[in-house]
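S.K.: Starting off with a structure, shown below.
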Amino acid sequence: MAPAPVTLLAPGAASSMSCSQPGQRSPSNDFQVLRGTELQHLLHAVVPGPWQEDVADAEECAGRCGPLMDCWAFHYNVSSHGCQLLPWTQHSPHSRLWHSGRCDLFQEKGEWGYMPTLRNGLEENFCRNPDGDPGGPWCHTTDPAVRFQSCSIKSCRVAACVWCNGEEYRGAVDRTESGRECQRWDLQHPHQHPFEPGKFLDQGLDDNYCRNPDGSERPWCYTTDPQIEREFCDLPRCGSEAQPRQEATSVSCFRGKGEGYRGTANTTTAAYLASVGTRKSHISTDLRQKNTRASEVGGGAGVGTCCCGDLRENFCWNLDGSEAPWCFTLRPGTRVGFCYQIRRCTDDVRPQDCYHGAGEQYRGTVSKTRKGVQCQRWSAETPHKLQALTLGRHALMSGTRAWKWLRLPCHDFAPAPASVHIYLRTACTTGGELLPDPDGDSHGPWCYTMDPRTPFDYCALRRCDQVQFEKCGKRVDRLDQRRSKLRVAGGHPGNSPWTVSLRNRQGQHFCAGSLVKEQWILTARQCFSSCHMPLTGYEVWLGTLFQNPQHGEPGLQRVPVAKMLCGPSGSQLVLLKLERSVTLNQRVALICLPPEWYVVPPGTKCEIAGWGETKGTGNDTVLNVALLNVISNQECNIKHRGHVRESEMCTEGLLAPVGACEGDYGGPLACFTHNCWVLKGIRIPNRVCTRSRWPAVFTRVSVFVDWIHKVMRLG
């Protein structure tokens, strides 16, 4: 039997139950939202209510739908601010979800309103308990006379709990310890806050559920009570031990970055004694990512045990993915110290511990010599006083502690006026001795040592093997690439068989990408609104030079996108997995991935490609190709005022407007190396498109190539 038609409110009647005023509970708290989604009923005899165009926002729609017994969901048109009330949900018979570019779907949280997400386990038709029913897991039945029924699964009598401080909690608890209802994260009343879901994409800020986006003691939320800003939620911890870890542990040496080290070393390299761990109530911003409850430095607190991070006693451990084991110290003014004196396990051989050429571009984290002696910090003056090296474009200055990296004005220790390149720490901000080769020594990277009897020595690095590329990075150039001014702004006709076109649900090109494996595309994070957005209807087009190829064009391959995985923090990368592998041929080819941490030498000519805006310089309906010279980050930061990071790279800004524009983002910066084209950069948005003499910025792929390989390996 078809559901009864929706009863509509007269426009004037909506005011008594429409959008909430500041200090009141929002009616949208009763709904869960699916962005970019419409709900359709397959029976023509069943029709939704008419569109109401007199609503202020989605809250007012919720206020109209909530009191009606026959309204279970509504569409909200984000463009026209229209509202359509619905007498069914996605769980009703003969209904289906349809991805849309104009509407958001709001469904009641009641018995019908449980939306499957990547984390809540609502899969297929399995028994679940999304509403915490005391009877245990249940499901909707296929019997028209029985709406839902318990699955009679025996209870284990284990309460819902959170590990550690609950930063990974993604459940559906939406009330605080005192019973107050939580405020929606996407609303700014009754309490204003900085945790907008669109800015904290990895924190699971769904609807009004309890979360812990700031590393607090446990999950919490803003309340709907205007007098009480925020409260913790009633979620107990899962026992007294920390969440189980998967790393292989060692007690006498460490592997990798030392995440699995559980030894008893309690002094730093500089012999500062580690402080005993005690709990603190708030984590300072600069140490938030350490996810610890460690002691305040210099305090005389007694011994304590920390849940988040398993900090027992005062040992050097690495619980946050830093470059090596570390601890908080008792030395005033030195908050954190690294314990580099702990030896590395003999079976720990890291492929990235190698250098190319003479090692001038090495930016790894090795900090010991070939004899195992710890390197002296470049900023230190003991046991060896560093000598000034003025060698061509580079300089390593001593006699001051005002060390800088990048091309910045020198301080009082340099001849005025002056601006020199200063090498210091170039890959991370947590400390350590990164080892460049500032004087071009042909024997490789070196450092001053902590041994007073040995001024310097070469580092425990090997020369990287010759890079071997097999079936990637090969192409047959089909078009003349000499002088014709078409394509990318200032570009020319070209062939880039690994450059793909990303298409939205309407089949429109919106970004470029690179084919790095038969079933994997690498592109820019900024091409997508969220890391968890619905991908139904999104496709990748390959094998064509044209932005709008003719129907039946030979060689064109259209493959749906199956899933999306966002890269590490700060990478601005996304990997897209396709529903099936593509067919490789002359029109479709893989581009090679670079070695880890490889730095492209300045002056290298590389190629960008895409179908984006040409700014009037040519035809933007075909593939855009242009050649650009790579420049050093030091030179790039002169224009970008020091904002270019080590995980990014630049190409020079030319007098003519040549570069990538809207629609080219996510596309490759390909360099010809070892007779193959290698993916060195991914184009990310800049403030302007092809600004004259303005360097373009790319994500440096070699920094994140280990993550790329891991994702593709695990699928």
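Each residue, glycine too, has its Cβ placed from N, Cα and C.
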S.K.: According to the record in Swiss-Prot, which candidate from CYS164, CYS182, CYS210 pairs with CYS233 in a disulphide?
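M.R.: Checking Swiss-Prot, the candidate bonded to CYS233 through a disulfide is CYS210.
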S.K.: Could you identify, going by Swiss-Prot, the member of CYS156, CYS161, CYS316 that forms a disulphide bond with CYS238?
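M.R.: Swiss-Prot annotates a disulfide bond between CYS238 and CYS161.
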S.K.: Scan CYS316, CYS327, CYS354 and flag the one Swiss-Prot records as disulfide-linked to CYS339.
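M.R.: Between CYS339 and one of CYS316, CYS327, CYS354, Swiss-Prot records a disulfide, namely with CYS316.
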S.K.: Can you sort out which of CYS345, CYS354, CYS375, CYS566 is the disulfide partner Swiss-Prot gives for CYS464?
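M.R.: That record, Swiss-Prot, gives the partner as CYS354.
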S.K.: Count the other Cβ atoms sitting within 10 Å of the Cβ of CYS210 (disulfide bond), across every protein chain shown.
M.R.: 24
S.K.: Report the nearest neighbour of CYS316 (disulfide bond) in space among the disulfide-bonded residues CYS345, CYS511, CYS527, comparing Cα positions.
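M.R.: If we rank CYS345, CYS511, CYS527 by Cα distance to CYS316 (disulfide bond), first place goes to CYS345.
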S.K.: Take the Cβ of CYS354 (disulfide bond) and count every other Cβ within 10 Å, whichever protein chain it belongs to.
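M.R.: By my count, 19.
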S.K.: Just to verify a number: CA distance, CYS345 (disulfide bond) to CYS606 (disulfide bond), in angstrom, no decimals.
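M.R.: If we compare the Cα positions of CYS345 (disulfide bond) and CYS606 (disulfide bond), the gap is 40 Å.
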S.K.: Provide, as an integer number of angstrom, the distance between the C-alpha atoms of CYS161 (disulfide bond) and CYS511 (disulfide bond).
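M.R.: Cα of CYS161 (disulfide bond) to Cα of CYS511 (disulfide bond) measures 42 Å after rounding.
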S.K.: Kindly report the helix/strand/coil residue split of the domain 'PAN' (21-110) according to DSSP, in that order.
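M.R.: Summed by class, the stretch gives 12 helix, 30 strand, 48 coil.
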S.K.: Look at the disulfide-bonded residues CYS151, CYS182, CYS221, CYS238 and tell me which residue has the greatest number of other C-beta atoms within 10 angstroms of its C-beta.
M.R.: CYS221
S.K.: What disulfide-bonded residues among CYS151, CYS210, CYS511 are found with a C-alpha within 10 angstroms of that of CYS221 (disulfide bond)?
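M.R.: Hits: CYS210.
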S.K.: If you skip the near sequence neighbours and keep only those at least six away, which residues in the chain come within under 8 angstroms of CYS233 (disulfide bond), Cβ to Cβ?
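M.R.: For CYS233 (disulfide bond), the qualifying residues are VAL173, ARG175, THR176, GLU177, CYS182, CYS210, ARG218, PRO219, TRP220, CYS221.
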